[in-house]
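Here is the structure we will look at.
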Amino acid sequence: MLRSLLLLAPLVGAAVIGARDHSQECPGYKATNIREGRDSLTADLTLAGKPCNTYGTDLKNLKLLVEYQTDKRLHVKIYDADEEVYQVPESVLPRVDGKGGSSKKSALKFDYQANPFSFKVKRGGEVLFDTSGSNLIFQSQYLSLRTWLPEDPNLYGLGEHTDSLRLETTNYTRTLWNRDAYAIPEKTNLYGTHPVYYDHRGQHGTHGVFLLNSNGMDIKIDKTKDGKQYLEYNTLGGVFDFYFFTGATPKDASIEYAKVVGLPAMQSYWTFGFHQCRYGYRDVFEVAEVVYNYSQAKIPLETMWTDIDYMDRRRVFTLDPERFPLEKMRELVSYLHNHNQHYIVMVDPAVSVSDNVGYNDGMEQGIFLQTQNGSLYKGAVWPGVTAYPDWFHPDIQKYWNDQFAKFFDPKTGVDIDGLWIDMNEAANFCPYPCSDPEGYARDNDLPPAAPPVRPSNPRPLPGFPGDFQPSSSSKRSTKGSKVGLPNRDLINPPYMIRNEAGSLSNKTINTDIIHAGEGYAEYDTHNLYGTMMSSASRNAMQHRRPGVRPLVITRSTYAGAGAHVGHWLGDNISEWSKYRISISQMLAFASMFQVPMIGSDVCGFGGNTTEELCARWARLGAFYTFFRNHNEITGIPQEFYRWPTVAESARKAIDIRYRLLDYIYTAFHRQTQTGEPFLQPMFYLYPKDKNTFSNQLQFFYGDAILVSPVTDGSQTSVDAYFPDDIFYDWHTGAALRGRGANVTLSNIDVTEIPIHIRGGSIIPVRSESAMTTTELRKKGFELIIAPGLDGTASGSLYLDDGDSIEPRATLELEFTYRKGHLQVKGKFGFRTEVKINAVTLLGQSAPASKSADVASLDSGRQAVTIKTSLDLTGPSEIDLS
């Protein structure tokens, strides 16, 4: 939630190292004492010549560990012999079990050259990773490794960024250093770090390479002077801890990645409803009025959010006593809960250095970051001068739990249903070296002035309570391995990554801060700060509501964040370019980074949206997994009911989304169990079709639904690509035989979006929508059967209580259609009173041989609908012929 305050901030120390190949100047390493076993290989690596000390001191002795972990995964780790160099703590990213594989059974093979040491990873006769001809550099503050790539590779990943889904391959640098990035500019480092890339080689398969390293880094993709393609890692520290994984398809590769970083967390049923927020709701009356206006406009609103406006002078764990008084806030939350709706607020990591409970408790427990002389480390953010929680502190979880338990107490506080965490890169408005945070806060009016107090709501809100109507330190540790080498320059390392903010410490926490506990340096762990806050926040939410799935939406992420939280794509702006790029961002996070609860601020956060853009975005946003309208205080209000066409678009969007909610829930659950992505680029389902490799404006919503949005203003048509397959128009049911070519879809109203069902699919939908997901769960089901080219179709349905981390009972159905017969089988543990009331078979030109009161032909849709009354209590079979 960075605002215009930072737009004029100067870049500090923005030196950039050129593309010089230092590997040719450095001696590399020699492998000795090589030992090979059934499932592993180890070796000693010794510096092979005179140190070059390019950006630090060359380490003379390294270790090599190779593990054949499974038949599809290979672990290659190069680290210092003394294990003093920092490694990502297992408490942050638990390591996958490395036992059980063998070199003979593995699809991946490790080959090496001893002197100078280099290695290759092969799949069959194909080389996937090749470091030959470029010497390994392993220095105290700089590591470099280059791999050769095939010509014109199809590379994806290396987030977070707003560049193209398929990465550029010439003069391209991806910098990974989490930062507060207003307007999410292209070709810059953004909020998260995901050092994994996927190399898709068409019919030969897909493989991924994950570097488990949290230090700042530049990953360069370019060609040599003689045209040879390469990818090069340049990191500020850590070790080379690689995981190579392979699959026959991109989807298979994504599943393997999930096994390394952890399966995503399952979300509650209600979280897939529509959410509304805005930075700038002036008081609790305005929040209530927005809730009321949505109900009057007949636009379903599942969850209402409040930004930092609710806080007393922007201080976390406080309420503005005049604009958001506790009594009225509790009334608001009770009203929402009584109407089966939900409430979420924001919590930032930075705690105001002032007399408040969060600060006083933190100081008493010593859980804030300290400088190396033991004094409190201070920055400046929204509340003014701030302290920052140390997520490595042994007592940090207790502190965080206590703050949540007190402030969000259902009986005495604000009983939230989910949590929004922001500014957790961590952001610091005060530029480095920030020697006078008090002066900076004073000069920049932090905290900003609050709006005038309103004694009551100026307009009546029927149904709301009367109050909403108009009135007549722990000791630092220096011991332990894998913590980091001594005597490093933690502020200005010799090699400078291309951090858009300039120096490493600019607009964030100083990188020379040493954390409590093991004594990790912020220099090494900066990119983990947001994910560690995410984990602590998820734990705190579970502590206050044991057994219930906690929704936590975060801005800053690291690899594996999806196991704890969802992610919104940050402070975008109301432009068509950001509308378009949200698609590729969403696909990267959901399918490649395994963070499937994902979405962009619908209609844009910064600037002023337009009626057309917001109407189109409402339709697109309904196909994010996380669907929220949100914008900033200086922009015009953009709630969906503000414009007639946007309201109509939103109603249509939510109607389809809610009818599909169980399809969404089922596919999302599958990803949390297996890693199989729900949201997918086209090439995930058509991996041999080269025309899909660069397509980033269409996507699959599960395996069954192809979404092809209009992507520019003043347009009513879209050139949509249809692979060699059969598809059915969602609205008309008309069959479209794809031929591996573009098809122009015309006359697309601003309130519509082209949707097609992929042949071979059976989709369970609710028979009608509802105003809340609670009411939706009472609606019956309809099955839509879209036969494939071979005349068959299949699908699934998963149901549970919608909220429990470990449901007591589940319903897991499999649908198959073949030769006019529909079969339903599976696990029937979860009891529900709803039934399958109808089955619609697409692609039909004649009615079924059923009586008219049972079956009907919709010639306009080319579909036959058969009325049914199937209980979801046991297997069944229906003759649809």
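Cβ coordinates come from backbone N, Cα and C, glycine included.
Feature annotations, courtesy of Swiss-Prot:
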type: SIGNAL; residues: 1-14; note: signal peptide
type: CARBOHYD; residues: Asn171; note: N-linked glycosylation site
type: CARBOHYD; residues: Asn293; note: N-linked glycosylation site
type: CARBOHYD; residues: Asn373; note: N-linked glycosylation site
type: ACT_SITE; residues: Glu425; note: active site
type: REGION; residues: 440-485; note: region 'Disordered'
type: COMPBIAS; residues: 448-463; note: compositional bias 'Pro residues'
type: CARBOHYD; residues: Asn506; note: N-linked glycosylation site
type: ACT_SITE; residues: Asp571; note: active site, proton donor
type: CARBOHYD; residues: Asn572; note: N-linked glycosylation site
type: CARBOHYD; residues: Asn608; note: N-linked glycosylation site
type: CARBOHYD; residues: Asn742; note: N-linked glycosylation site
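Location within the structure of each feature annotated in Swiss-Prot.
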| residue | record | contacts (Cβ under 8 Å, 6+ apart) |
| --- | --- | --- |
| Asn171 | N-linked glycosylation site | Asp222 |
| Asn293 | N-linked glycosylation site | Glu639, Tyr641 |
| Asn373 | N-linked glycosylation site | none |
| Glu425 | active site | Asn178, Arg179, Asp180, Tyr191, Thr508, His526, Tyr529, Gly530, Arg555, Ser556 |
| Asn572 | N-linked glycosylation site | Ala183, Ile184, Lys578, Ser582, Ser600, Asp601, Gly604, Phe605, Gly606 |
| Asn608 | N-linked glycosylation site | Ser574, Gly635, Ile636 |
| Asn742 | N-linked glycosylation site | Asp719, Ala720, Tyr721, Phe722 |
Cα distance (Å, whole number) from Asn506 (N-linked glycosylation site) to Asp571 (active site, proton donor): 19
